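One structure below.
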Amino acid sequence: MPDGSAPDGSRIRPEGAPLAGAPALASGGQSIEDSMPTEDTLSGAATLANQAGLHARPAVKLTQLAKSFASRTEFAVAPDGPWIDAKSPVKVMRVKAAKGETLHFRASGPDAEAALAALLALVDAKFDEE
Amino acid sequence: MNARGSAPTTSAALVLAGRSAAPGLAAGRIARIAGPKVAARAPSAAGDPAAEAARLAAAVAAALAALEALAAAAEGDAADILAFQVAMLADDALTEGAFAAVASGAPAETGWSAALDAEIEGYAAADDEYFRARAADLADIRDRVLSRLSGAEDAPPPAGAILVGDDLTPSKFLAADWSAGGGIVLAAGSPASHVAMLARARGVPMVVGVGDVGAAADGAEALLDGDAGTLTLSPGDAEQAAFHARRDAAAVAGAAAETLRFRPAVTADGEPVRVHVNLADPEELAGLDPAQCDGVGLVRTEFLFHAGRGLPDEAAQLAVYRRILAWAAGRPVTFRTLDAGGDKPIPGLTIDGESNPFLGLRGLRLSLAYPDVFRTQLRALCRAAVDGHARVMLPMVTVPAELAAAAVMLDSVVADLAAENLPHRRPPLGIMVEVPAAALAAESFAADFYSIGSNDLTQYTMAAARDVGAVAHLCDAGSPAVLRLVAATVEAAAARGVEVSLCGDAAADPALVPLLLGAGLRSLSVAPVAVARTKAAIAGFSRHPPP
């Protein structure tokens, strides 16, 4: 993305763009072993509005959706992490995110933009539960 | 195994006789089931980390495969719960702690238990009820893998098999594939058990109290008669032929009854009879078309109080009650308040060790003794009543003062809700007539409706416990004494101008339906599986039978 806004989702922005509280990720060259993003990391946030929070059924839906993308997808309940692998139901459930909490997402990889948009849409749609 | 050399007409058949717990006929091969407790094998002492890791990996893979098969076959909430377990067990994040422990020398059992117990603790300590409830799922996952490790594998029985064993757990019943027929024969067991309820609801023939089932060899062919309560081993050709002829006839009758399922029930004289369904669990609503019934005659709210989640709060109850009312789409739904005690203990609420729990603190007696629990349920019911035609029914009412006490509490709950500006409605308050004292003095109860509970009314009238096989022959809802109490209740309802119905197994028994209609009832409530055959039995009833 040339500037700070994605074409179809104004909440999606490149990580490292001036966003309060979000730590800028170093771009490339670092020796973090597995999936250090080589492309831009995109981030966005959505409020968890479904009654039961991020419990079993939503957690399964979220991780299944995340796994359908090649990109690394993570989320956190605070803008500066700790970041949770959105593809791991066990780790997602450990967060025990409750209704009303803000879920901060970040994605990096070939389909990061689509992944981020899809994850935010799922949370906005209350996981199609209500 | 069964001798094949015998001449076709002679038979070496052996018949095991017990009691019917669920009607129907099944022919199939026997699958022996292990008892509920299988001693775990001691963990391997060797402690070779590589071998232990391989054992654990194999156990996890086997448990996962079994779970996936279960999830694929499940529907509704059960499918969601199983899908969640699959997702968790398939996640390396769940198993990595156990494998780390095994790598440093722990036996597979110890490493797995410790890792899962730590995970479970995280859920059990959660503030949020939804997350706390997940501890049970994690414990289930832990035990599934542990049973694989101990060699006590619970591979589901083959489809269409007749399960034979000492007893059967509800989870094993649910794990079995009943789509291809099959049935259940138990050495012990009871028609009042949870499994028997499940079997009746699913139309799976079941016989209990057979005694010694040692003669039933795994894999042998057998004929199960859930109506007569018998299992025929090594059936000869003649028995096979007669059995299949009966089964075909029953199938034809069932198909004929099926044509009545979505029609209003009327007697041969053209009198309308209302047929409602009983619900033991909201999961039963999946795939159930409300058009086949006139409403829900009995919602057993006990399901809310099980599953190890503690007492349900108002919001949890309200959500479930609303769901059922939405399903009913304006038809009346009769919610029975908590009917715990007797043969339905609830940890932390009912009293352990009563010398005779059926005559103890159960039903409404228990609710009046725990007003906080009762008020929570009444609040949820009053709030749900805004959404549909809800009615509240009190179980085990014995004297009018109990109904009056409950009515006072209902009024006070209504006043509270009004003061809190919460939408609510005071639902009609009726009583279950299941104690002979209530039946004999029904007119003296200021109830908005009566619903006869035939199971308990029969056991109290006949002084024959439902769960004691030796007195099962006395536990007959068709006995003249019980029918007189039914007729007395019908008369009281007519005199007071209120509705009367009957919920209980008697209404689902085609042989008893004419007797109940003869006693004056024109409203029945049965398990969903029995709707069609009950309507067929009603269609055959006439006040003026041909001489």
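From the backbone N, Cα and C atoms, a Cβ is placed for every residue, glycine too.
TrEMBL entries are annotated by machine, without manual review.
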Quick check: of B:Arg263, B:Arg331, B:Arg336, which does TrEMBL put in the same phosphoenolpyruvate site as B:Arg300, B:Asn455, B:Asp456, B:Arg466?
B:Arg336
The domain 'PEP-utilising enzyme mobile' (B:158-229), counted residue by residue under DSSP: helix, strand, coil:
15 helix, 16 strand, 41 coil
Roughly how many Å lie between the Cα atoms of B:Arg300 (phosphoenolpyruvate binding site) and B:Cys503 (active site, proton donor), rounded to a whole value?
11
Can you see whether DSSP assigns B:Asp456 (phosphoenolpyruvate binding site) to helix, strand or coil?
helix
Between B:Arg336 (phosphoenolpyruvate binding site) and B:Glu434 (Mg(2+) binding site), the C-alpha gap once rounded to whole angstrom:
13
Would you mind splitting the domain 'Phosphotransferase system enzyme I N-terminal' (B:18-134) into helix, strand and coil residue counts from DSSP?
74 helix, 12 strand, 31 coil
Fill in the CA-CA distance, B:Asp456 (phosphoenolpyruvate binding site) to B:Cys503 (active site, proton donor), as an integer in Å.
11
Quick one: mean pLDDT on the domain 'PEP-utilising enzyme C-terminal' (B:258-540)?
91
